[in-house]
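Here is the structure we will look at, set down as C-alpha cells.
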Amino acid sequence: MAAHSLSRRHLLVGTSAVALGSLPFARARAASPLTVGFIYVGPKDDYGYNQAHAQGAAALKAIPGVQVVEEENVRETTDVQKTMESMINLDGASLIFPTSFGYFDPHMLIECKKNPKVQFRHCGGLWTEANPKNAGSYFGYIAQGQYLNGIVAAHASKSKKLGFVAAKPIPQVLNNVNGFLLGARSVDPSITVQVIFTGEWSLAVKEAEATNALIDGGADVITCHVDSPKVVVETAARRGAFVCGYHADQSALAKGKYLTGAEWNWASIYKNFVADMQAGKAPPNFVRGGLPDGFVKMSAYGPAVSDAARANADAVKAEMMKGGFAIIKGPLKDNKGNEIAGSGKAFAENAIELEKTNYLVEGVKGSA
Amino acid sequence: MAADTTAPALPLAEPVPGAPNRPPAALQARAWLARRAEVVAIPVGAVVAGFGLFSLFLLVLGKSPVDFVNLVWRGGFGSPFALQNSLQRAAPLLFAALCVALPARLGLVVIGGEGAIVLGGVAAAAAAQPLQGWPATLAVPLMALAAAGAGALWIGAVGALRAYRGVNETIASLLMSYIAIALSNHLIEGVLRDPGSLNKPSTWPIGEAFAVGPLPGLDVHWGLGVGAIVCLAAYLLTERTTTGFAARIAGGNVRAAQIQGLPVGRLVVGFTALGGACAALAGFFEVAAVHGNANASLNAGFGYTGILVAFLARHNPLGIMPVAFLLGGIEASSGLIQRRMQLPDATVLVLEGLLFLVVLLSETLYGRFKIFSPHLWAEKRETSNGAAAAA
C-alpha cells in the first residue's frame, strides 16, 4: 500500500516535471503557430543572392504569429535534406524556402514526399504539374532590371564599352547579359558589352580578375551576375569604373560609382505566401513576376546618374510597369550572325522561349 | 611533416645487461597500454582544450558555452535522427580523409582531395551511360571502379610529380584540384550535359536502376558502410603489411629507405593513387546515392573538411572513423546552433579551426608526459624486481 502510494507520488512528481519542462516550448508554439524555414547556400550577408533572400526573410519577422528560422552555408547534398528535416522535426516548420537552385532536385522533392503536410517553395522555375502538390516554384523576371541597368550604363559610359562578369552560361544569366546590352543599345546602338564567364557561382579570385580584365579592355561600366557581386563591385569602383548592381543593393560598396542596380524583392512574394498559410490554404505552386508585380526592384539612382539618364530609365520603367514589355524583339541576330527573331516577332518577359536562351545577342563580345 | 611525428617505436623491453629475465607479461602489457594511452589522451585532451578556447570565444560574443554544447548534443548525437544526420555527414569525410591520411604515411601533405571527389563523381556518371541496361550488380561496381580509377590517376599524378620530378605535392595537389573542378565543369556543361538540364547543367541521370540505397534500417546511404570498410582496409595496409611498413620507413627517412633498397618512388605513387581512389569514391556515392547525376553540387567542400579529419585522427585510418563522426555531428548541429543561438554558420568554422590549431600544437607534446613513458613502467619493473630480490 505504502509502496503503491509512493509510486503514485513519484508518478505525479514526474509528470508535473515533464509538464513544467515542456511549458516554455508549448507556450512558444502557441504564440507562433507558423514557423517558416529559410535555407541559404552561402552566407546571408553576401551582398548578393543570399542576402536578397535573407532580406525577404527579415521582412517576415515583423509579422505577428510568424517565427522565422534560418540556416546559411548549407551544401546542395544530403545536408540540405537533413536541414529541412531538422527544421520540420525540431522547430516545427510548416513552410520551407530552400532558396538555392540546386536544392530542388532531388533534395526538396524527396522531403516533399516525406513530409506531405509541410509546404515547400523553391526559388527558380522548376516546378511542374508532375511534381508533388506541396512543392512549388517562384521566380522573377530580373532581366528587366538589367535592361534598365543598361540604359543608365549607356548614359554614363564614355568609352561605349560595357563589361559583364557572369557565372555560368545558363539561360537566366544569358537573358541578363542580353538585357543589359539591349538596354544600352536602346540609348546608343554603337555600344558593346564584353562578357567574361567565371564558370562558378562564387569564385572571388576569378571575379576580380575578370573585372580587371574588362576594365583593362576599356570597359567603363561594369555589372555582373554572380552569387555575391561584392568583389566585382568593389574592384570596379576601386579602378574608377561605374557599377550597376545585381541581386541586392551594393551602393555602400561603391559609393559614388554606383549607378543603379537590379534587385530582387522577395519580401513581397514571401508575405503573400505567409498570408496564404495563415489563412489556412496552400500558397500557389507556380509564381512568376517582374517589375509590375513587385518581385524585382531597382536600387536608388547614385549621384553620378545624369538627369537625362534618370528620365530615360524612368520612362522605360513606366512602360514595363504596364506589363508585356519585350526585351527580345525582332529583327534581332545573335553574335554569331544567326537570326533570333524576325521583324515583328517579340518575346514578352513571360515567353517560354526565354527559359531556353542559349545565345548572346549581337553586340555582346564573348561566347556562351 | 606531420606523419613523422608518430612516437618513435621505443624498444619496449630494453635488454638490461646481465638481466636475462624477461618482464612479466602483465607489466609488458601495462607499458604497451601506457604508450597507446598517449596516442588517445593527447588528441582527446587537445579537442577538449579546443572546446575550452572556443568557450572563451563564445563568452566574448555574450553567448553561453553550455547552450552551445547542449545544442551540439541535441543536433548531432542526442536522438536517432541526430545520430543518422551525423553519420550521413561523416560518410563522405571518411573517404576524403583517407586521401590525406594515406599519403601522409609517406610524409606527404596532399590537400587536393576535393578535385578527386568531383572528378570521381563525373567519371561514375559518365561510366553509367554505356552501362545502361546492364544488371546493377555489375554496373554499379564498374561505376565505382571508374570513379576510383579517375581519382587514382589524378592524385597518383601528384605523387609521380613528387617522386620523379621533385614537385611539392601540397601545391601540386591543390592546383590539380582546381584543374579537376574546371575540367569537370567543362564536361558537365559540354559533352556530358543532359540538354534537358537548362539552368543547372548536369550529366544524363544514371537512372533509378543504378541508384545506391540506404543501409538496412538506417536513413544513411551505403557510403558510410563502404567508407568504414575502406578505413579498416587502409589500417590493415598501413599497419599490418610490409608495404605499409615500407611506406612508414620512407615517410620517416627517405635516405634510409633508399639505402634499404625500398622502392620509394613506387610507394609514393601507389599511396597517393590509393588516396585519390578513396576520395573519388566519395564522389561516386554523391552521384549514385544522392544526386543521381553529376553536377556542380559535387564541389561541396568535403575534400577540405577531410584534411581536418585526417589531421585530427593523426592520419590513423582507424582514428578517422570517430573523428569523422565527431565532425559530422558538429556540422549536423551547426544548423540548430544558427537557428537557436542566432550565431552565423562561421561559428562552427571557428570551432573547427581552433580544433585544428590545438591538435597541430599538441603534436609537440608527444613524449613530454612521463606518465605515458614505457620507461617509467620499465623502472617500476626493476624496482619490483629489486624488492623481490631483497625479500
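From the backbone N, Cα and C atoms, a Cβ is placed for every residue, glycine too.
TrEMBL labels come from automatic prediction, so no person has curated them.
Marked as compositional bias 'Low complexity' by TrEMBL: B:1-16.
Among the features that TrEMBL reports, region 'Disordered' is placed at B:1-22.
Residues or ranges marked as transmembrane segment by TrEMBL: B:39-61 (among others).
Here the transmembrane segment (B:108-128) has long-range neighbours at 1-3, 92, 95-96, 99-100, 139, 142-151, 154-155, 158-159, 162, 169-170, 172-181, 183-184, 187-188, 192, 203-204, 206-207, 210, 251, 268, 271-272, 275-276, 279-284, 286-288, 291, 293-294, 298-299, 301-304, 306-307, meaning same-chain residues at least 6 beyond its ends whose C-beta is under 8 angstroms from one of its own. Feature annotation from TrEMBL assigns transmembrane segment to B:108-128 (among others).
The list of residues near the transmembrane segment (B:134-158) in space but at least 6 beyond its ends in sequence, with Cβ under 8 angstroms from a Cβ of it, reads 99, 103, 110, 112-113, 115-117, 119-124, 126-128, 169, 172-173, 176, 180, 206, 209-210, 212, 269-270, 272-281, 283-284, 287-288. As annotated by TrEMBL, transmembrane segment applies to B:134-158 (among others).
Among the features that TrEMBL reports, transmembrane segment is placed at B:170-188 (among others). Remote same-chain partners of the transmembrane segment (B:170-188), defined as residues 6 or more beyond its termini with a Cβ less than 8 Å from a stretch Cβ, comprise 108-116, 118-119, 121-122, 126, 154-155, 157-158, 161-162, 201-203, 294-296, 298-299, 303.
Sequence-distant contacts of the transmembrane segment (B:220-238) (same chain, at least 6 residues past either end, Cβ-Cβ under 8 Å): 84, 87-88, 90-92, 94-95, 98, 101-102, 105, 212-214, 244, 247-248, 274, 278, 281-282, 285, 289-290, 316-318, 320-321, 324. Marked as transmembrane segment by TrEMBL: B:220-238 (among others).
The transmembrane segment feature in TrEMBL is assigned to B:267-290 (among others).
The transmembrane segment annotation in TrEMBL covers B:349-366 (among others). Sequence-distant neighbours of the transmembrane segment (B:349-366) (same chain, 6+ residues past either end, Cβ-Cβ under 8 Å): 2, 5, 7, 38, 42-43, 45-47, 49-51, 53-54, 57, 305, 308, 311-312, 327, 330.
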